[in-house]
Amino acid sequence: MPMWRNCSAWRVECKGWGDNVRLSEWLSPQLLSRWAALGLLVLLCGAWVLPSSKLYHQALIFLLWLPALLALFLCDFRKLLKQPETVLFIALSVWVMVVLGVKGAQDPLGEAKRPVYVLLSLLGVLLASRGQWSIEALLRPAALLGGLFALASVLYFQFFSPHPAGSRLIAIGLWDKAILAAHAIGALAVIGVFLGQKPRSFLWLTLCAVSALGYLTFLALNQTRGVWLALFMVPLAMAFARPTRYGVLAAVAVILLGVLAALLIPEVLMQRGLSYRPELLAGGMRHLLENWTLGFGFNAYEILVPSSGQVFKHPHNMYLDLAIRLGVPGLLLFALLWGCVAWRAWQNRAEPLGRALLALWVFSSIALQTDGIGLWLKPNADWLITWLPVALSMVLAARQSANGGMSPQASRET
């Protein structure tokens, strides 16, 4: 269904740019939406196939950020930005600039660009959702491909990649860190489950089954226990949010599986102990109390673990790292934005995208507590559990605005 109105006679009427400036001949909204849709697919799947982070970032600049920037010249697109998510993100970004101005950084200009990159990515996802293809139609093939690439990673790691015995599985391509790969692949798996449709053919059923096998084997062999915990909590939370027969059965099955794992393979669950998480939490809290108002900014800090003598560059908790860098005000601003995402997902939980967002929010919230490394980073695997939920919340907000502030389901019922 076309999401733009009057595309054939699109006009921009903005002071300073002249009246009735026709853009439809060279810059139609549909063109920008399709352009950004390619960028969204690159964001979600490009890391599997592109040979370097530099090419990945350049592809995002051209395919996602550039059309988003051009779309800002279109009045109807700017109207979509009148939503709480945009206001809260801008408030958080302003605070980042305040902290950066006071605390400085080794590369202040580079750090100041990070909120701009994120904003253009959020706008790019919103733009991609307004075209010929719905956001669901873009996320489903990305989730399917994610499972296939996950299986390819398993096969490559097991049979072709030299590695020490007992090494944790990493992904092929750019997601070559175990925790980051688990975050991204777990996020794509959650999206695939909650946006899944009935297979239309035997071939489609086969692809879905192979993709699911890829997710299961990768996440099991990757051995990231924070992701296991996050995945364990998703069906429990969803059974509470929208109780259905299948949802309750899934929650019961997950509980039984967890009990069996604790009884039969406790050594797997506890093989690395607590991985210094309590010591990192205590060390991070000491840093936070040293400067709770403005934080450390983007300057480096270290946390010493006395029991091992190891030094860590972050507390493995994204929320604590955010508070250390931006102070308590920065953490509160992000909490408001993150809470807005949860509320948006809850309001739209009757819709597939709302359920997928709520499940992704639960998964992300838990995974970031045990293994999060930071918020203001260049595009990487963790963007799928930090900024992608915010972008999907903006998509739902735009849909609600088009329906008079109601979710699509509530609009149909009235």
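From the backbone N, Cα and C atoms, a Cβ is placed for every residue, glycine too.
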Exercise for review: Among 112-129, 292-309, indicate the range for which TrEMBL gives the feature transmembrane segment.
Suggested key: 112-129
Revision key, fill the gap. Same-chain residues at least 6 beyond the ends of the transmembrane segment (226-241) with CB under 8 Å of its CB atoms are 179, 182-183, 186, 189-190, 194, 219, 247-248, 250-251, 253-255, 258, 346, 349, 355, 358-359, 362-367, 369-371
Review point. Given the transmembrane segment (112-129), which of the listed stretches 31-50, 87-106, 141-159, 179-195, 202-220 has the most Cβ pairs that are under 8 Å apart from it?
Key: 31-50
**Study point:** Same-chain residue ranges lying at least 6 outside the transmembrane segment (322-346) that approach it to Cβ under 8 Å
**Key:** 84-85, 88-89, 91-92, 95-96, 99, 241, 284, 287-288, 291-298, 301, 315, 354-355, 357-358, 361, 365, 374-376, 389-390, 393, 396-397, 400
Revision key, fill the gap. Contact set of the transmembrane segment (141-159) with the rest of its chain, CB cutoff 8 A exclusive, min separation 6+ beyond the ends, reads 40-41, 44-45, 48, 169-173, 181, 184-185, 188-189, 191-192, 195, 207-208, 210-215, 217-219, 221
Check your understanding: How many of the residues that make up the domain 'O-antigen ligase-related' (213-335) does DSSP mark as helix, as strand and as coil?
Key -> 83 helix, 6 strand, 34 coil
